[in-house]
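> The following block contains the structure, expressed as structure tokens.
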Amino acid sequence: MTLINRVSSRLLSTMYKNSGTNLASLSPAEIKDWVGSFDTVLTDCDGVIWVDNNTLPQATDVINKFIENGKQLFFVTNNSTKTRPEFVTKAVKLGFNVGVDNIISTAWLAARYLKAKNFTKKVYVVGSTGITRELDAVGIRHIGIGPDVLQGTLAEAVHAFTPDPEVGAVIVGFDEHFSFVKMMKAASYLNNQEVIFIGTNTDERFPMPDCVIPGTGSIVNAVTTCAERPPTVMGKPNKHICDILQQEYKVDPERTLMIGDRCNTDILLGKNCGFKTLLVETGIHKAEDIEKWAQSEDEETRRLVPDVYAGKLGDLLPYL
């Protein structure tokens, strides 16, 4: 990249940084300059490019155009229930031209984290097969997956529990079978300070029209409270993701864009890593949230304000 391009990129970063600028308020030339100021694109999945098994309008075209134009692209998801190959299968079926190297998932990050530590013991998993299959892929043994409910009295459950002396780590992710017994076992292993404690992410909940589904953060926080010690969190907004991207993919934070629909995970990750940030209003947070946070006197709250926001990812298509 030339010196002129570097200066231009820094000016664009300063111009929009934390400003909550509406993409629709910019001229076509300004949008094209802004698009040219990043080489790497990180994007959340659900609420940005798809909802469940349906793509959002023109999101597939935008992602494929980014790749066609030579931008390095990653799907960055806090979802720990799928492996990277499983994410690729879904993405390809929906028309995205991506492969395994385009996926950064919390289950993969957790397995990679332990592998990098030359971990040779077992992992007690509060989570799903997304985590255990990623552990299998790097040769790490595990226990704990599946239903584990209280049988009989609490005293009987305590008496029946014999800790596995080979457990050297606890991973907590999304677990639809989470129970009192699982929390007891996880916290019991974590009572040994030598046991590594990993949380995949801290998303609080998934609001539905008539129901609130507890998110992974609710489970992680329950174990954290009982264990009386904090986990190392793999997912957004933890800076651990940025470290991996810089080490393995040589990503330049100043030339990287983070796209998301949730400001306290996606946009905050961008802020923590020094990325540019774009919020799309097809998921959790909206323009009215940005306006409220921008007026806050609390510095941490103001950090939730993205650089730029748009109604949907597809709004970028004419400028690519």
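Just so it is clear, glycine is given a Cβ too, placed from its N, Cα and C backbone atoms.
What TrEMBL shows for this protein is this:
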ACT_SITE  Asp44  active site, nucleophile
BINDING   Asp44, Asp46, Asp261  Mg(2+) binding site
ACT_SITE  Asp46  active site, proton donor
BINDING   Lys236  substrate binding site
> A 10 Å Cβ contact count, applied to the recorded positions Asp44, Asp46, Asp261: which residue has the minimum?
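Counting other Cβ atoms within 10 Å of each of the recorded positions Asp44, Asp46, Asp261 gives the minimum at Asp46.
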> Return the residues near the residue listed as 'substrate binding site' by Cβ distance under 8 Å, restricted to its own chain and a separation of at least 6 in sequence.
Asp44, Val76, Asn78, Asn201, Gly260, Thr265, Asp266, Leu268, Leu269
